[in-house]
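Input: a single structure, listed below in structure tokens.
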């Protein structure tokens, strides 16, 4: 958050666009050319952030309440929800402070606002990195449960899961602090982009491998029932659609933000890149949308968690 102009920022000086207003318009870049700028209303941004907060708080509360959910798999899901909660919470807090400063309802010295901005940036950046890590951890956990089913409980133990979780959080905080301190260095930005691509490749390879194994299993069952082609093809199509949705949402929600970082390194002054930079708030909103979708994909589809969630909502503690 810059004191002058009260700009919504996520990672230090990465964004130089003004606070969003509720419209879709053509904006002029530095050369006078026209480019498309999608502006996000503050009310919409806050609403999405609050929805994400509520969803992920419910996931964390449900897993904490039910001891049957204290397994490595649910620990990773809980940490993913906590990461998404912090992503949404940090951005909601930053936006609220900006609006209060703009309305002169909050008086603060420039140094205090800058320190608050730095804290929010570290929290938001570390939670974004940890969110990506836990998405990868969930994929690895599922892969082990399928390909090493008989040895799963000896491979993925609760102590090992806790060690992995602690390592992810520590690494995320350290990396975010480094990233905030040296965000003007191209190497740091590229490291973050490479990290995103690595997570994308990891998830794609693991889930495609799992889909192939599931199709083989379905084919074997179909052969026993002499229904090889209809059952196998139907299962394969359903699995491919599910996989496409999972990876598509991940890429759609996270990809534009990392494209933004890549273009900062490759073409910071190019007119076309300048047009893309103007949509920073849209890219940030897509990440908030991902924080809303994650519980629907990884948490609410599980019957035991849904049952516990009903108990939480009815306050039957």
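Cβ coordinates come from backbone N, Cα and C, glycine included.
Per Swiss-Prot, the features are as follows:
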CARBOHYD  29  N-linked glycosylation site
LIPID     315  S-palmitoyl cysteine
TOPO_DOM  1-37  topological domain 'Extracellular'
TOPO_DOM  64-72  topological domain 'Cytoplasmic'
TOPO_DOM  94-118  topological domain 'Extracellular'
TOPO_DOM  141-163  topological domain 'Cytoplasmic'
TOPO_DOM  184-191  topological domain 'Extracellular'
TOPO_DOM  212-240  topological domain 'Cytoplasmic'
TOPO_DOM  267-279  topological domain 'Extracellular'
TOPO_DOM  301-317  topological domain 'Cytoplasmic'
TRANSMEM  38-63  transmembrane segment
TRANSMEM  73-93  transmembrane segment
TRANSMEM  119-140  transmembrane segment
TRANSMEM  164-183  transmembrane segment
TRANSMEM  192-211  transmembrane segment
TRANSMEM  241-266  transmembrane segment
TRANSMEM  280-300  transmembrane segment
Best-packed against the transmembrane segment (119-140), counting Cβ pairs under 8 Å over 38-63, 73-93, 164-183, is stretch 73-93
DSSP helix, strand and coil counts for the topological domain 'Cytoplasmic' (141-163)? 20 helix, 0 strand, 3 coil
Checked against DSSP, the composition of the topological domain 'Cytoplasmic' (301-317) is 11 helix, 0 strand, 6 coil
Local confidence of the prediction over the topological domain 'Cytoplasmic' (141-163), expressed as mean pLDDT: 92
Below 8 angstroms Cβ to Cβ, which residues of this chain, lying six or more residues outside the topological domain 'Extracellular' (184-191), approach it? 13, 178, 261-262, 264-265
